[in-house]
Amino acid sequence: MGKKSRVKTQKSGTGATATVSPKEILNLTSELLQKCSSPAPGPGKEWEEYVQIRTLVEKIRKKQKGLSVTFDGKREDYFPDLMKWASENGASVEGFEMVNFKEEGFGLRATRDIKAEELFLWVPRKLLMTVESAKNSVLGPLYSQDRILQAMGNIALAFHLLCERANPNSFWQPYIQTLPSEYDTPLYFEEDEVRYLQSTQAIHDVFSQYKNTARQYAYFYKVIQTHPHANKLPLKDSFTYEDYRWAVSSVMTRQNQIPTEDGSRVTLALIPLWDMCNHTNGLITTGYNLEDDRCECVALQDFRAGEQIYIFYGTRSNAEFVIHSGFFFDNNSHDRVKIKLGVSKSDRLYAMKAEVLARAGIPTSSVFALHFTEPPISAQLLAFLRVFCMTEEELKEHLLGDSAIDRIFTLGNSEFPVSWDNEVKLWTFLEDRASLLLKTYKTTIEEDKSVLKNQDLSVRAKMAIKLRLGEKEILEKAVKSAAVNREFYRQQMEEKAPLPKYEEGNLGLLESSVGDSRLPLVLRNLEEEAGVQDALNIREAISKAQATENGLVNGENSVPNGTRSENENLNQEESKRAVEDAKGSSSDNTAEVKE
């Protein structure tokens, strides 16, 4: 999915070319685990911590060079085997072929005309690698004992993939051999390539992803070397950081949620063939047919013979695409930038604002988003800003009296301002906030555009620069949009225009104002929205999984094109104790904003 690359050549079962003592690596991984489990660094210290962790990781990688289980040849050499295996096991293989599209990497090309909404691809459950198949594999005994594997389906899936890759007779070998040998996620970035992301809003997630992955590797290296149920794993003698990074990235870029066989809950899966489709703007057209027990995909649009077949991965930002899928999508209509906002507890009106926000179902501090499209803010952010800028009298009106509930109900609707003065204040605040964020970048929009003209830039460097450029363009648009709104409402105030009042008869108007809420209302924390540290963050071991991404599904038992971690309904305290060595300290406290 997305741009793929295969730099190394790898063959199942090749032996190690280097010798290194497990004890030596155990000492290094213990040091790494300690470093990754330390409290979150203070402001401005994240880069320093990242470099320190990276130095340890690179030291481990250097000592493990040549120890990974590998495949010979190029991934495309194995495409015929994949198609044969898929056909023999009930998947559709007619009407498309796998082709290298250069810029986008490998994808599916139509070999006949395919009509919009035509079912063209289906993959039965038996071909999927799932958490359930992991439980029933050689990984089963360790899975039954390790609370991390039980709590985090994505990690279980990553180890399932590694164990099956190391087994030449694995049922899934025809699929695994066609996976990329490496990816373009930030886990594979050189330090200089990551440096391009300094000062961006996305850099915090990049640091978190790298730290979490390093911590997980260090934790599981010890488990594999010391746990009695790990003795029979094919990873016992060779579990390298390179292996884990590859497995994590394979899952991160490909995992999806499907219903379990009885349809009672969701589980994570890798879906052969389907995961070859590249992304474009549109709607989710993939679902899971429980009756036939298979994943099904209908065409997003008409595709003529010879054209690439695209699917829609979901309403993801480019930060999410880069960090979790390893590609940047130009003209992303769902692009957005995170903005952390909170009501300061030192605010004289904090208690009243907190109560109004609570009644509206909005936290006093959270991570919101500024959007690429108009309007730049969601209904929830609009509601937050209105409350944030309210006077004491306006707060009382939303807490007391017969009309208080109606006022709460319309907080997120742009058609019903609290007051003209309140609108002027909130748009002024947003304009100032976005302007301040723009000033934190070390380069300008013009400078980024100039740098992108350099033909010598690596693919990953170009992605990083495009990402920071995209953030700035969204912030700049937000500044301009806020300025226009500020002036509009200032004029309304000066002209003493009458305020629109909500009445029950306005319900149609309220329902028609969907533009304010057509995108995710809030990013509740820095990792929830990001697909797979979404995938691979230990803290998510004790959080409730969501069955769909961004609420976009294609039918009752749909597969969203993008997932969160599996919910195993663990007791929170039990899980917390079980994962103490591996979990990270919370780093997503939002900054308070003082009025």
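Heads up, the Cβ atoms here are built off N, Cα and C, so glycines get one too.
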Given Swiss-Prot lists Arg75, Glu104, Gly105, Phe106, Asp275, Met276, Cys277, Asn278, His279, Ser325, Gly326, Phe327 for S-adenosyl-L-methionine, the same-site residue among Arg125, Arg254, Arg348:
Arg254
Looking only at Arg75, Glu104, Gly105, Phe106, Arg254, Asp275, Met276, Cys277, Asn278, His279, Ser325, Gly326, Phe327, which the record lists for S-adenosyl-L-methionine, tell me the maximum pairwise CA distance in angstrom.
20
Let's check the environment of Phe327 (S-adenosyl-L-methionine binding site): how many other CB atoms sit within 10 Å of its CB?
22
Could you check what DSSP calls Phe327 (S-adenosyl-L-methionine binding site) once collapsed to helix, strand or coil?
coil
Greatest C-beta neighbour count within 10 angstroms, which of the binding-site residues Asn278, Ser325:
Ser325
Any idea what DSSP makes of Asn278 (S-adenosyl-L-methionine binding site), helix, strand or coil?
strand
Out of Arg75, Arg254, which of these binding-site residues shows the lowest number of other CB atoms within 10 Å of its CB?
Arg75
Average pLDDT across the domain 'SET' (94-314), rounded to a whole number:
96
